[in-house]
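Per TrEMBL, the features are:
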BINDING   Ser28, Gly29, Gly30, Pro31, Asp32, Ser33  ATP binding site
DOMAIN    386-459  domain 'Lysidine-tRNA(Ile) synthetase C-terminal'
Amino acid sequence: MCLLTKVEDTINKYKLLNNGDRVLIGVSGGPDSLALLHVLKSLKDKYDLYLHIAHLDHMIRGKESAEDARFVEKIAREWEIPITTKAYDVKSYQQEEGLSPEDAARQVRYEFFFELTEKFNINKIAVGHHANDQAETVVMKFLRGAGLKGLGGIYPRQGKVIRPFIDLTREEIENYCFSHQLNPRIDKSNFEDIYLRNKVRLDLIPSLEKDYNNNLIATLNRTADLLREEENFLTRYTTKKLEEITLSKVDDKLILDKEELLDLDLAIQRRIIRESYNFLQKDYKDLYYNHVELVLELIKNSETGSQLDLPQDISVRLNYNEIIFAVKAENDIDYFNYKLSIGVKKLHKLGLQINSKVCDKNYSWQETLSNPSIACFDLDKIGKEFYLRQRKDGDRFYPLGMKGSKKLKDFLIDNKISLDKRDQIPIFTTLEGDIFWVGGLRVDNRFKITNETEKILMIETQILKEEL
């Protein structure tokens, strides 16, 4: 079977191309990308494709990198294919971000590709990964430790990215270049055993082929295919189960039913934790195994209110039977303490408006009892000035309807106020510091209205409506 036919089989098997696609081709100038460009040029009319070359100079190999760029530009002119090139100091980026050379190059490269998809209305990005790359990736994932997703290796299609050469071997591609008189650039750094991938390619795989399995590349590719199929099934199953146990879902928060999660198999629990995390974080950086295990430990053995911080500014905490995954708010409320007097006060930072007034003892204050945003007190026990503040460690008050005092923290826990809401509750105190109202929840017994009350202080909290 000729290479072109084999590539078309791959295209059809994985549905990589449709008629009229606009395809960006990442071309380094090496054998894989040059052959890919030549093949897609051959298929251009058959699929009515728009082709556009993208070349990134990584500025790592000095003069050779610049020569690669000139070579690709020359090919683009001769084959009459539009091209966009860019030079980027990948080594500096690697050092700034603390990445491996391979990861840094990949991130910069794909960021460049996706910029061009927006600029030129591109819907496919073709790259030259092949069966040998797949085998190397599977071995590397195994050595580093990975689950099904990692051991499934390189996907033939991921979003806009397509890999038409994924079923071809390196030898087939090099033979194609030779037979079509293509003279690709050779990156000498590929033959230096200083990176893990190079060591796997140059040393480990040849040794395994020689001593254990002379058909290793095909075996590893077949294994990766099977694992991807199983991963795809489990991903669909996990998504279904996640939907079933989700209590609430918004852009920055996901709340799960704890009991229902723990009823699932451990393998699905781990997957749901990962998927919940991935729903919130935007950089598509997967959660490490140790983080998943810490979340499981939190869910199984911690008390309500317990919290664990994860990478990407995401936290997970327990609130009774709720597991709350949330993005840490950039505008978390700082400690607040306002001195207020009778009248209207707008607290823009809190998003609240406080209305207070003095009423005579005949005021029908009982009618306000059903409204948690309004409370009435004995004015003489408080005065016409008071504080509104955030809760503090050690706060105690005398909840109306209970005997004696109670720690504010215990009161909030008993009333099932989640940890993230506790610091937002307005605490009203006298000038002497005694709590007389836990806003929206409970009046203090010492400041309630009695038969001896002469004047009534009424306080109302309202959500502040910003003026246009």
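Yeah, the Cβs are placed from backbone N, Cα and C, and that goes for glycine too.
A Cβ within 8 Å of the Cβ centre of Ser28, Gly29, Gly30, Pro31, Asp32, Ser33, the residues given for ATP, is found for these other residues of the same chain: Val27, Leu34, Ala35, Leu36, Gly128, Pro184, Arg185, Asp187.
Within 10 Å of the C-beta atom of Asp32 (ATP binding site) sit 23 other C-beta atoms, taking all shown protein chains into account. When pLDDT is averaged over the domain 'Lysidine-tRNA(Ile) synthetase C-terminal' (386-459), the result is 92. In this view, Ser33 (ATP binding site) is surrounded by 25 other Cβ atoms within 10 Å of its Cβ, with every protein chain counted. For the binding-site residues listed here (Gly29, Gly30, Pro31), the lowest count of other CB atoms within 10 A around the CB belongs to Gly30.
Each residue of the domain 'Lysidine-tRNA(Ile) synthetase C-terminal' (386-459) gets a DSSP state, and the totals for helix, strand and coil are 14 helix, 24 strand, 36 coil. Following the DSSP three-state reduction, the secondary structure of Pro31 (ATP binding site) is helix. All protein chains shown were included, and the count of other CB atoms within 10 Å of the CB of Ser28 (ATP binding site) stands at 24.
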